[in-house]
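Shown next, in structure tokens, is the structure this report addresses.
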Amino acid sequence: MAENETEDALPEPDAPAPGGRGLAAVAGAVPVVLGAAAAWLSLRLDIGTLTDPGPGLWPLIVSALLVATGIGILVSARRAGGTEAFTRGAISVAAAAVALFAYASLFEVVGFEIPTLLLLAAWLRFLGRESWLSTALLSVGVTAAAYALFILGLGVPLPHLIVL
Amino acid sequence: MDLSPVLTGFSVAFEPENLLFCLLGVTIGMLIGVLPGLGPAATIAILLPITYNLEPAAAVIMLAGIFYGAQYGGTITSVLLKLPGEASTVVTAIDGHALAKRGEAGSALGVAALASFIGGTASILLLSFIAPALAGVALAFGPAEYTVLALIGIFLVGTLGSGSLVKSAAAAAAGLLLATVGLDPLLGTPRFTFGTDQLADGIDFVIVAMGLFGIGEILYNLEHRDRPQSAVPAFGRAIPSRAQWLRSRLAILRGSAVGFVLGILPGGGATMSSLVAYAVEKRSAKDPSRFGKGAIEGVAGPESANNAAATSSFIPLLTLGIPANATMAVLFGALMLQGITPGPALMTEHPDVFWGVVNSMYLGNLLLLALSIPLIGVFVRMLKIRPGVLAPITIVITMLGVYSIRNNAFDMLLAVALGLVGYAMRKLGFEPGPFVLAFVLGSLLEGSFRRSMRIFGGDVTEFVQRPLSATLVGVLVLTVVVIPVLRAVRARQIDRATEPAES
């Protein structure tokens, strides 16, 4: 056994590339915008007084905190990175999210079997790069197992087409 | 100390059903510990809907088992492949893997299992004595104290985590904001519901946890999924040799102490304690240059520490109702689902749950020790499962679980949206931990703040005029000032301790 790797420090499995200054600015801008919007909505609720707080007071305090921290991040964005650059893999993430939104929308319309089968097949084949054969076997198998577990086993009233 | 509730707890832990759930929990924990990717917080979040129909004690026994079981499992891949399954076992990889390359993998794994067992068990014993005392003090707390306590909890989790301070604070503020969605708790006015009935009841904690931790983690791993498969080195049985055991005895004791203390601090937890324990071992060694080249103390110390910390981090949750880390925040949610509010009254109102869960941990640790020595080979084989297969199966289970909470497809959309938020937060350097923790504590914090304001007649200075809350405010101020300093010092120490040994 060679001892050529003992000098390694902490293992960092696939340490992602740090993001640039633009991304750091986005990290500060998001809380500011979000906080400002929430503060505006809170002001339209009843603020009340400190003695008798209305429903809007607490959200207003929290929104102000969000804006303040966002400004803090913007100020420190010049030196601190702390973000991760988006890689080409982000396309997979977006695709997966779209597939999941479609899944959730179809679910109550056509029952859970077809969307589940399609989601599994698409994910295994295109995101997992499985072969067509294992894609077909796994997606049918997992859908059947989910049917057995959730509908027959746990009695969860999932909308379904096949009635056993 | 009245021992009868403790004994009742043992009888609860030994009920056949609870034994089964304990075994199930530690096995799942060990599995997800071995598999890189899904952490304990995400796994527990995904399994929350399943616990709806369980008895409270059984549910928490299983979920707790997942948490401390993951600490055992994470070690295996650290030692064999230098691929830590969990953040808390990253530091074990340094010397553990060096030992494996010298052909001593079996012995290293054996020491790790024993160290984990001793660390975990010692920590449960200490917990059994400290928790009742702490809960006794906390029974005197009123709304003012809870306001400050919740603030301390959120603040500590933010500062002791690994991310930037302002970003943690921003994440916490966003979590508090999300918690205000729904009807006003005192007056019933709709807030941030955007006119839809779907949001009138607020956002269910389970959906936030499943979306942010579960779906968020899967999406995040999707971006970096090309992981090289390494060959598993051969090893015999995972039993420590006599020499290794003699060498690691004191390291285990020191590691257990470090882990117990750091685990109680909110935000401390398993990861930090394993790093500190490694630093302690390296400093107290006669010949520090052995570290990095296969020193068994570098395995024994961190492993006993992360298990001791995993156990002691239950203390703030079970006695004060303040979760110390992200996983505890999810367990907080699990208890709330069962209609149990974690806090000082837990021990007196539900002694069976409290002592049942605590005492089940002895059994869980024993089971883990029994499982890990003969079955390590089986768990290692699980590494052959490709992440591309595991992710879609996990996501289907998650989505169906989300639906089953209210039989509502809108919740699935919400969970996916929160998953995207979780992904974006990680990319932009925000930790999801403070967000979820603040979300959990949000209604407690708002409720006690507003009640205090009414009691005090709008006078904010009353917070420092009542002795109990003033003490807590003192603690809060201390942490605001002291922790960032300590943080800088510690970061430098850990850097020094974990950097490769100079030859």
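Including glycine, each Cβ sits where the backbone N, Cα and C put it.
TrEMBL lists B:19-437 with the feature domain 'DUF112'.
The feature transmembrane segment is assigned by TrEMBL to B:20-48 (among others).
Residues or ranges marked as transmembrane segment in TrEMBL: B:60-81 (among others).
Under the heading transmembrane segment, TrEMBL lists B:108-130 (among others).
Among the features that TrEMBL reports, transmembrane segment is placed at B:137-157 (among others).
Here TrEMBL flags B:199-220 (among others) as transmembrane segment.
Taken from TrEMBL, the feature transmembrane segment applies to B:257-280 (among others).
The feature transmembrane segment is assigned by TrEMBL to B:314-340 (among others).
Taken from TrEMBL, the feature transmembrane segment applies to B:360-380 (among others). Through the fold, the transmembrane segment (B:360-380) approaches residues 12-14, 18-19, 22-23, 25-27, 30-31, 34, 61, 64-65, 68-69, 72-73, 76-77, 80, 109-110, 113-114, 116-117, 120-121, 124, 232, 237-239, 307, 311 of its own chain, all at least 6 residues removed from its boundaries and within a Cβ separation under 8 Å.
Annotated transmembrane segment per TrEMBL: B:387-403 (among others), in sequence order.
Residues or ranges marked as transmembrane segment in TrEMBL: B:432-449 (among others).
The transmembrane segment annotation in TrEMBL covers B:469-489 (among others).
Counting Cβ pairs under 8 Å that are 6 or more residues apart, the transmembrane segment (B:60-81) and the transmembrane segment (B:314-340) reach 3 or more and are in contact. Counting Cβ pairs under 8 Å to the transmembrane segment (B:199-220), the stretch among B:137-157, B:314-340, B:387-403, B:432-449 with the most such contacts is B:387-403. Among the stretches B:20-48, B:108-130, B:137-157, B:387-403, the one making the largest number of Cβ pairs under 8 Å with the transmembrane segment (B:432-449) is B:137-157.
Long-range Cβ contacts of the transmembrane segment (B:387-403) within its own chain (Cβ-Cβ under 8 Å, at least 6 residues beyond either end) map to 35, 37-38, 46-50, 206-207, 210-211, 214-215, 218, 221-222, 225, 227, 409, 411-412, 415. Sequence-distant neighbours of the transmembrane segment (B:137-157) (same chain, 6+ residues past either end, Cβ-Cβ under 8 Å): 168, 172, 265-267, 316, 319-320, 322-326, 343-345, 433-434, 437-438, 441, 444-445, 447-449, 451-452, 455-456, 462-463, 466, 468-469, 472-473, 475-476, 479-480, 483.
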